[in-house]
Every structure is written in C-alpha cells, then in structure tokens.
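J.: I'd like to ask some things about the structure below.
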Amino acid sequence: MKQHTLAEAIAHTGVGLHSGVSTHVRILPADAGSGRYFVRVDLPDSPTIPAQVAVVSQTVLSTQLGGGETGVRTVEHLLAALAGMGVDNARIEIDGPEIPLLDGSAQEWVTSIAEVGLVAQAVTNNLASFDIQEPIWIHQDDAFVAAIPASETRFSYGIDFDLPAIGNQWYSWSLTTEPDTSFAQEIAPARTFGLLHQIEYLQKSGLIKGGSLDNALICGPDGWVNPPLRFANEPVRHKILDLVGDLSLLGYFPRAHFLAYKASHNLHIQLAQRILALSN
C-alpha cells in the first residue's frame, strides 16, 4: 500500500475540552515515512511530538502525548480523522496545549481533509501488513479490550450505562475498500458525550473547562439535555472514534478484530502498547 499525505494544508481554531484554552491547529503535508507528528509552534525551538504510543503521558478522559509544558492533550479525535481518512504523514502545528474540541466529533476535520484531498507517496507502508496471530485480552474489572486474528481490520465496541437514554449499545465498523467514505459517514460525526451528574465533580477536578452544550452531548435521568442525536447509537459510535484515534498511535492498523467493552483511553493505550511489543 502506498502512503498518503494531504494535498494542501488545512486549519481549525477552537477551545480545548479540558483546558478551556483556544488554540489554532494547522495541518500540513509531510514527507513520506515521516508519520503524523505535532509541533508546538508557541514554544521556543518549536518542539516536535510524534503521534506514537511511546510518548503517551496520560489518559484521564483524553489522551495526551508528551509531558510537562511541551505536551499536547486530547489528540484522539484529530488523529482518528487523519487515520480514518488515510493520511499517513502529516505535520500538525499547534499554538497551545490542547487540540480544539470543535463540535465534539471528528466531522470538521474530516470535511476539511476531504475538501483538499490526498496525494499518494512513493514509500510503501510495510507495517500495514502486520497481522495479529494470537488473541490479546486486557481486563479491568468488567471492562476489557482485545485484538483477535481476523481477515479484515474491524472495530467493535460495547457500552452499558444505567441511564435509559443510553443503556446498552453495541456497534461494529470495519475498514473497507473506501475507508474514507465509510469513516466520514459512520464514525466521524459521532460526538463526545457526558453524564449530567458527573459534570460538577469533573469541573471541580479541573477538567472539562471548555465543555459546553455546543461541543458535547449531555445525558441525564430524563434523557438527553441537548438533542437531537445524529445517530440513535451516537455514544457507542463515538467510543469507536476514540478507539480508532488511540490505536492510530501505532502508525498503522494491523489486520485484526479490535473489541472493547466499557473501556477507557487507558485500556485503549494498553492494547496499543501490547500490539507494539508484539510487532517488534
């Protein structure tokens, strides 16, 4: 398979979910073999942070790459958009600590990528041929993530909440011969969601400073606070979006069936770390 990069640069500005800080992100074409990487253009010497499993620094309600003042937080939606649309190489310039949440989904990123299109590059992505040979299972209480041998790359997710509006949901999505179209229609529009009874606690914990009814679905005991939903099962589709973004830190998607149930960014990253160890 050939590698691909953007045909032209794209950009978005918005507020970060947890920091509440407004940042500007510009994504530029990058050389074949360079991968996806972030550049903190607001800092001296513009430090570079590769979008790789090895540099994950924390996974509390989002995934952060790099530590201290040079890190970049909440990278999962943007990385899912790039990976889901087939962008192997990209220079991601950001002037702050957190990727803008935008509308809470990956839809705006995907729309911009589709508008400029991709350019094929000479380097072949040999890593994309790596297959999972034996099942991998990681458990944490009743939650789990897994990767099992399969004839295609597929993502399946389950969630279970006491709130009737969410309840138990399952969804399965696979990379197809036209993954950009499938991802753009089935996964990218799904927005992040939160639970009404947790908001005050999270805010007191210094989180979700940039959260609002414009960038997150909120669910309470009486239903959704800010309907309508884009899909009846939008919450579980968003969990697949998160999983795709976190596993994209491998730099490729092995041929496997990825399964997750009531999982978290932490479990997603543990799975990616296990796969990376096996591939080496």
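The backbone N, Cα and C atoms fix where each Cβ goes, glycine too.
According to Swiss-Prot:
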type: ACT_SITE; residues: H265; note: active site, proton donor
type: BINDING; residues: H77, H238, D242; note: Zn(2+) binding site
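Give me the local environment of each listed feature.
T.: There are 21 other Cβ atoms within 10 Å of the Cβ belonging to H265 (active site, proton donor).
H77 (Zn(2+) binding site) has a Cβ environment of 31 other Cβ atoms inside 10 Å.
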J.: Can you name every residue in this chain, apart from H77, H238, D242, with its Cβ inside 8 Å of the center of the Cβ atoms of the recorded Zn(2+) site?
T.: E76, A80, S105, A106, A190, T192, K239, I240, L241, G245
J.: Just name the winner among H238, D242 (the binding-site residues) by count of other CB atoms within 10 A of its CB.
T.: H238
J.: Fill in the CA-CA distance, H265 (active site, proton donor) to D242 (Zn(2+) binding site), as an integer in Å.
T.: 8
